[in-house]
Structure formats: structure tokens, C-alpha cells
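Quick notes on the structure that follows.
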Amino acid sequence: MEYDAYNDSGIYDDEYSDGFGYFVDLEEASPWEAKVAPVFLVVIYSLVCFLGLLGNGLVIVIATFKMKKTVNTVWFVNLAVADFLFNIFLPMHITYAAMDYHWVFGKAMCKISNFLLSHNMYTSVFLLTVISFDRCISVLLPVWSQNHRSIRLAYMTCSAVWVLAFFLSSPSLVFRDTANIHGKITCFNNFSLAAPESSPHPAHSQVVSTGYSRHVAVTVTRFLCGFLIPVFIITACYLTIVFKLQRNRLAKNKKPFKIIITIIITFFLCWCPYHTLYLLELHHTAVPSSVFSLGLPLATAVAIANSCMNPILYVFMGHDFRKFKVALFSRLANALSEDTGPSSYPSHRSFTKMSSLNEKASVNEKETSTL
């Protein structure tokens with residue numbers, strides 16, 4: 001019975017969770033899987049951590065100290081900070097995987113680190129949704145947007161996003177726990193809030209049922225608020241933008257449409273496997289264990305990779321930068337700065353023109369220097 005996994009000593013015997021809360025069945029996994037999975041996680045997490053700290057750190061520094069403060073820079077700085085904090089705590093989970101799922105940082109850090117990771121997921125998703133909605137409003141209501149779109153409102157919106165993410169991530173502070181199993185300490189979700197050494201008692205079935213209900217509530221809430229609803233809003237916003245641009249013939253170049261499609265597809269591909277497998281975990285007895293022992297580590301790695309891809313997708317691809325010769329600072333500055341014109345996308349042709357002017361200027365500088 002699947003309820004047994006929530007308050008039975010069996011869960012401590014054959015299931016371990018990594019830093020993100022999923023369980024890997026080590027008894028049923030093949031020796032090859034047991035060896036490859038930790039190595040795979042260490043490599044991917046390390047790569048994501050390096051790229052995420054570098055990319056998001058660069059965005060934070062340039063947008064904060066090198067640029068004029070605008071609504072766009074507020075969005076991107078908050079997004080970069082959320083991803084940066086996520087990557088700061090990745091080394092703990094790299095160590096966890098490298099030590100064959102042995103948690104050495106204590107119960108408090110088990111709760112705090114996973115709370116921060118969950119908080120980052122919600123913050124990033126909500127900020128991407130806010131950015132999409134902001135761009136949509138700028139296209140649909142350019143005059144209203146110019147009159148009411150302010151830095152103060154952007155800060156208030158970001159504050160609300162962080163508070164909401166805190167509330168939705170709070171279950172990690174309650175349910176995350178540690179247990180010593182066969183000489184190893186695992187960090188896992190103890191939804192029943194029962195001690196690992198507890199034995200069956202008359203109220204055992206009630207405790208188990210309560211634990212399962214909490215697991216369902218947390219998983220479904222995470223899927224709806226952290227994926228399905230944001231994806232629906234983001235998709236609706238960009239479809240509206242595309243429809244508006246095509247109807248008004250404001251963009252002859254199809255590059256903006258390709259960027260929009262790339263953003264939506266990438267976000268969907270990064271998080272869809274993660275949430276799908278977590279939903280399947282609610283009925284794990286009906287699914288082969290190999291699906292979780294191999295699928296969950298892979299899905300988690302793909303999901304966290306989104307934190308290092310955001311600087312690329314939302315900054316470097318944000319405008320029409322077709323020439324690699326353009327300086328990195330210019331790319332970031334142009335991407336994070338406010339768009340000229342009544343809305344973000346109607347001025348797309350000005351971006352192309354501005355890029356070409358920048359390139360011509362750089363060529364002229366070279367010619368002058370050679371003379």
C-alpha cells in the first residue's frame with residue numbers, strides 16, 4: 001500500500017532523497033544506476049552552479065552598478081538574484097550527491113537549503129510571469145503603460161512575489177527532516193512528522209493517511225502554482241503579443257516570434273518532466289522503480305538548468321543581437337534597459353537599426369585607429 005511510505009520504517013531502509021526532495025530506490029536500482037546517478041548529478045549541478053553564478057552575477061553587477069535604474073532592470077535584477085541564490089546553495093547538494101547521499105550539514109540546513117531552493121523556483125517562475133504580463137500590457141496598452149509603469153510599482157510587485165514564494169515554500173521548513181540509515185544521514189520529506197524510529201501503533205493508519213494527504217497537497221500546489229498556472233499566463237501573454245504584432249504589422253522580421261517560442265518551449269521543457277514525475281510519485285507503486293531512480297535525477301537536473309539558462313534566454317536573446325562582435329556589456333545593457341517607444345515590441349525595428357549603427361560605429365573606430 002502506497003501510504004506505507006509515509007510513516008513506515010521501510011522508507012528509511014530503501015529510499016533516499018536528494019536535496020530536492022525526490023526519492024531514489026537504491027535497493028531496486030541496478031548497480032550501474034546507483035553509481036552513475038550520483039556522478040551525473042555532481043557533473044550537471046557543478047556545471048549549472050558555475051554558469052549560473054557567472055551569468056546571473058554578471059547581470060546583477062551590470063544592471064545594478066553600470067546602468068540607469070528602470071522597470072526592466074528591476075525585473076531582471078530580481079530574476080538574477082533569485083537564480084543566484086539558488087546556485088549559491090547548489091554546492092551543498094553537490095556534496096550530498098558526491099558523498100553517496102550522505103547529508104553532513106545538519107537538520108537545520110536540510111530545512112533551510114531546501115526552503116531556499118523551493119523559494120527560488122517559485123520566485124523565478126512568478127517573476128517570469130510578471131515580465132511576460134508587463135510586456136503584454138506594454139503592447140496592448142502603450143499609453144497606459146507609459147503613464148503608470150513605474151519603478152516603485154515594480155519594486156512593490158517584486159516584494160509581493162518574494163512574499164508569496166516564501167509562503168508557498170514554507171512546507172520545506174516544516175516537513176524536511178533527517179534520519180540515520182545504515183550509517184548515512186539522509187535529508188528527506190517527513191510528511192507524517194513521525195520519528196524515524198517510531199513503530200506501528202493503533203493510530204498508525206491515521207498518521208499514514210495524514211502524511212499522504214500532506215504529500216498530495218504539497219505536490220499538487222507546487223504543480224499548479226509553480227508550473228501550470230504560470231505557463232498558462234506566459235503562453236497567453238506571448239500569444240497576445242504575437243497576435244497584436246501581426247495584426248498591426250509592427251514587425252516584419254520573424255526573429256521576435258522565434259524568441260518568444262524559444263522562451264515558452266524552453267521553460268516548458270525544463271519544468272514539465274520535473275512536475276510530471278513528482279505527480280507520478282504520488283502513485284509510485286503503479287510505476288516501475290526505474291522511472292524514478294533514473295527519471296527523477298535527470299528531470300531535476302534539467303529543471304535546475306533553467307537557472308543558468310535565464311541569462312541567455314531573457315537577456316542575450318532579448319533583442320536583435322545577430323553579430324557576435326557587439327561587446328558583451330553592450331548586449332547586457334541594451335537587453336536590460338528600457339525599450340524606446342511606446343511599447344516593447346513595436347520598437348523592434350529600432351533594435352535592429354541600433355545594432356547596425358553600433359556595428360558601424362565599431363568599424364569606424366577601428367578604421368580611425370588604423371589611420
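Count begins at 1; order follows the chain as displayed.
In case you wondered, yes, glycine gets a Cβ from its N, Cα and C as well.
Marked as topological domain 'Extracellular' by Swiss-Prot on the basis of sequence analysis: 1-39, 96-112, 175-222, 281-298. Taken from Swiss-Prot, the feature N-linked glycosylation site applies to Asn7, Asn190. For 40-62, 74-95, 113-133, 153-174, 223-243, 260-280, 299-318, the entry in Swiss-Prot reads transmembrane segment, with the evidence type sequence analysis. As annotated by Swiss-Prot, topological domain 'Cytoplasmic' applies to 63-73, 134-152, 244-259, 319-371, with the evidence given as sequence analysis. If you look up Swiss-Prot, you'll see Cys110-Cys187 marked as disulfide bond, on the strength of sequence analysis. Positions annotated as phosphoserine by Swiss-Prot: Ser337, Ser347, Ser350, Ser356. Annotation source Swiss-Prot lists phosphothreonine at Thr340, Thr370.
This view paints the features noted in Swiss-Prot onto the structure.
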| residue | record | Cβ neighbours (10 Å) |
| --- | --- | --- |
| Cys110 | disulfide bond | 23 |
| Cys187 | disulfide bond | 29 |
| Asn190 | N-linked glycosylation site | 21 |
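At the 8 Å Cβ threshold, with sequence separation of at least 6, the transmembrane segment (153-174) comes into contact with the transmembrane segment (74-95) through 3 or more pairs.
Same-chain residues lying 6+ beyond the ends of the transmembrane segment (74-95) with a Cβ under 8 Å from its Cβ atoms: 18-20, 41-42, 45-46, 48-49, 52-53, 56-57, 59-60, 63-64, 104-105, 109, 113, 116-117, 120-121, 123-124, 127-128, 130-131, 134, 151, 154-155, 158, 161-162, 304, 307-308, 310-311, 314-315, 335-336.
If you measure from the Cα atom of Cys110 (disulfide bond) to that of Asn190 (N-linked glycosylation site), you get 12 Å. Taken residue by residue with DSSP, Cys187 (disulfide bond) is part of a strand.
Averaged across the topological domain 'Extracellular' (96-112), pLDDT for the predicted model comes to 90.
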